[in-house]
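Trainee: Below you'll find the structure I mean.
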Amino acid sequence: MSRVLPAVLAILFGGLLALVLLTPFVYRSYRRRGELGFGSTLLAFSSLIYGFALVAYVLFPVPTIDDTWCAAHEALTRPQLNPFQFVHDIAKERRGFGVSAFLANPAVQQLVFNVFLFVPLGAYLRHYTKRRPVVIVLIGLGISLLIELTQLTGNWFLFECPYRLFDVDDLLTNTAGTAIGLLFAPVLRVLDHPRADVQPGTPRPVTTRRRLLGMLVDLIAVTAFGAILGVFVTLLVRGAFDVWIDDTPGGKLLGVVLTTWLPALLLLALPSLSPRQATIGQMSVRLRRARPDGRPAGPKMILALLFGSFGYFMLFGLSRYVPVAESLYQLYPVAALILAWRPRGHPGLSGVVSGLTIVDDRADIWTNSRRG
């Protein structure tokens, strides 16, 4: 369980952060590579999970720490400063001979774990920073030292006493793991290698995949921004007036405005009404709305917004007050998904109603699209 909990926490929090960072990641990828790219996406997501795993394995699980626990574990306050103490520990924990007995040795398992824990760090740092190997190894040593000091100080004096041992051997094994990780950096380069046939500045066909990704970015961006804004204002009001927003007259409606309508206005409506002619999600995947002949959308954009993702969030906010709005916002995703797939131009529900098309924002005129 002590090894499973940090992994679960890493996946959970890494996944949440990935959702928050999805919009800037997609936006940057389409401008740097011309597409999202499966390999680069997988690599970026795995690096987030790894970062949280590194923190989680340092901090968790946390025992119930009190005076009694600290007295019983007083030895943890004395750092282990003897290099290669693990050799003695392996001999001490030995319970037989042969490969099976060696691999079952707890001291061997801890040694191998400490090495492998930092192998991804060396690979990621080398791939993303392009720094010299000696610099990468020194960074690995510095991170390992920070971890050990965190353990020695009881998470920087957050607890009465340390619940992990400062071990100089961990510095050695972690640094060795970072150095080994340098050997795997070329593998990451293969995963993250841009396609030669995709140029960032060249228009690409409008595909089902791009349309759905743009919709997903819209959904996540508005939801995440609304959640952050709602929490911030709620805590601000609580701290200033000692009252929860929901307990005030009109508080629930204000909550809808803060968490749903205002984010939708800022991220969907205003960008669409600007010269960009696109929501935040459409901009991320380099799409925009236009008339079939390539001219700007004009007043038709209002209709497209009302029957697009902006209208969806308006209905979502109204659903607690207007019963029919709940049924409509539940039906919207089905219609939007079908019409983003078919007809051939992938116009979506908003495009079918408004008569506008979806085009690549790098193209001067609209060209026929294909499904992909």
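Using the three backbone atoms N, Cα and C, a Cβ is placed for every residue, glycine included.
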Trainee: If you look at how TrEMBL annotates this chain, which of 66-86, 171-191 comes out as transmembrane segment?
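Mentor: So the range that TrEMBL calls transmembrane segment is 171-191.
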Trainee: DSSP on the domain 'VanZ-like' (48-188): how many residues come out helix, how many strand, how many coil?
Mentor: 105 helix, 2 strand, 34 coil
Trainee: Would you call the transmembrane segment (39-60) and the transmembrane segment (171-191) in contact, using three or more Cβ pairs under 8 Å, pairs 6 or more apart in sequence?
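Mentor: Contact between the transmembrane segment (39-60) and the transmembrane segment (171-191): present.
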Trainee: Considering pairs 6 or more residues apart, do the transmembrane segment (171-191) and the transmembrane segment (212-241) have at least three CB pairs under 8 Å?
Mentor: no
Trainee: In the same chain, who gets a Cβ under 8 Å from the transmembrane segment (212-241) while lying at least 6 residues past its ends?
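Mentor: Those are 19-20, 22-23, 26, 36, 255, 258-260, 262-264, 266-268, 279-282, 284-285, 287, 309, 313, 336-337, 340, 348, in sequence order.
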Trainee: Could you pull out which residues elsewhere in the chain have a CB under 8 Å from any CB of the transmembrane segment (297-315), counting only those six or more residues past its ends?
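Mentor: For the transmembrane segment (297-315), the sequence-distant neighbours (Cβ-Cβ under 8 Å, at least 6 residues beyond its ends) are 215, 218-219, 222, 260-261, 263-265, 268-269, 272-273, 277, 279, 281, 289-291, 325-326, 328-329, 332-333, 336, 348-351, 353-356.
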